[in-house]
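Colleague: According to Swiss-Prot, the record shows the following:
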{"type": "MOD_RES", "residues": "1", "note": "N-acetylmethionine"}
{"type": "MOD_RES", "residues": "14", "note": "phosphoserine"}
{"type": "MOD_RES", "residues": "29", "note": "phosphoserine"}
{"type": "MOD_RES", "residues": "88", "note": "phosphoserine"}
{"type": "MOD_RES", "residues": "91", "note": "phosphoserine"}
{"type": "MOD_RES", "residues": "94", "note": "phosphoserine"}
{"type": "MOTIF", "residues": "106-125", "note": "motif 'BH3'"}
{"type": "REGION", "residues": "110-157", "note": "region 'Interaction with BCL2 and BCL2L1 isoform Bcl-X(L)'"}
{"type": "MOD_RES", "residues": "117", "note": "phosphothreonine"}
{"type": "REGION", "residues": "243-448", "note": "region 'Evolutionary conserved domain (ECD)'"}
{"type": "CROSSLNK", "residues": "400", "note": "ubiquitin cross-link"}
{"type": "REGION", "residues": "423-448", "note": "region 'Required for membrane-association'"}
{"type": "CROSSLNK", "residues": "435", "note": "ubiquitin cross-link"}
């Protein structure tokens, strides 16, 4: 019973392939190791390298023991031991087997045997660059590689042999020829070295010149960049000046066009537009007159009289005419005439209507005085232009205007004892005479 227990608790230690890490089943020759075999395997190692004293004494102490054979038992646990090169020497060659105390002899023999097997693999690994143990397939692969290496080595050996034979067959003449060639090659080498030194010197000179040229090129690049910036600035200023010049030229051209238009423009016609609207004569769109059917506001009539006074005043100034007996005072819709004989007397050319309009005759006196000024203008024009003639003859003493080219009747410019129709027609004829006078002045003084 105890033997069975001891047998079931025994641990088997196995090895793995150092290339593919597959578990190995060792050959039976590793299980039977005698003293002679151990000495044969360890002899090369002891002659080439110094063995550790402890290991030698341990092997000599255990060399007289009887060989043993490992038997596999059911229920035995197995443990893989890592390769010896990946562990220290002490740990690689030390094994601890756990079992019953009563089976101490068997455990000691197994431990010694495994230690010896591990040492053998260490010896094999130390002799080559390959770690041991190896499985059969890895061993075959290794052998193929070694065969290939052997063939290469043999080929090299053959080549060396042939070279040696050629050298041995060479005579003294060939040796002298080779010596001459060697001297020539040495001279050639010296010449080439000298040329190389000259080239190196030239290279240094060229490098220095290149640095100078690069510095000069950099300076020129900077100057070029500066010139480019200055050119761009000048170009920008030129474009701005060109734009300003074109703008000024356009302004001058526009001003010239406007000047030409102004030269061709009749200032009096542009300023004083005399026309008619039905039975009314108009000046600058202000109606001068009044009808029962069209009761024009007195503000509009006063404004029309103001424009009429301004027109006659401008024509007289253009001709250098000074009126006798009266002086025109253009004052908008409150224009009037001053009597030159009585400075305190003013004749208003404006009216507000009402009852006072029918009893106050100053407005009528002012209109008759204005008609007198128009007659003086006509007479002044006739002095220099005998053919000048107004379309409607004026009778200043009666204060009437005759329709010489039409019905032949005369119409009073006064409002008292007169109808609005006749008064309006008289004012229309007066504006027509002023329009003719304006046209004559424009033709005579257009270029002055």
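Quick reminder: no glycine exception, Cβ is built from N, Cα and C everywhere.
Note that this is a predicted model, so its numbers are computed, not measured.
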Colleague: Under 8 Å between C-beta atoms and at least six apart in sequence, can you list the same-chain neighbours of residue 400 (ubiquitin cross-link), or say none if there are none?
Modeller: 394, 410, 411, 412, 413, 426
Colleague: What does DSSP assign residue 400 (ubiquitin cross-link), in three states?
Modeller: strand
Colleague: Please work out the number of neighbouring Cβ atoms within 10 Å of the Cβ of residue 117 (phosphothreonine), leaving out its own Cβ.
Modeller: 19
Colleague: For residue 435 (ubiquitin cross-link), list the number of other Cβ atoms lying within 10 Å of its Cβ atom.
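Modeller: Neighbour count, Cβ to Cβ under the 10 Å cut-off: 22.
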Colleague: Rounded to a whole angstrom, what is the C-alpha distance between residue 117 (phosphothreonine) and residue 435 (ubiquitin cross-link)?
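Modeller: Cα-Cα, rounded: 150 Å.
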Colleague: Note the mean pLDDT of the motif 'BH3' (106-125), expressed as a whole number.
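Modeller: Here the predicted model's pLDDT, averaged over the motif 'BH3' (106-125), is 72.
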Colleague: According to DSSP, does residue 117 (phosphothreonine) fall in a helix, a strand, or coil?
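Modeller: DSSP assigns residue 117 (phosphothreonine) to helix.
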Colleague: Sort residue 435 (ubiquitin cross-link) into helix, strand or coil using the DSSP assignment.
Modeller: helix
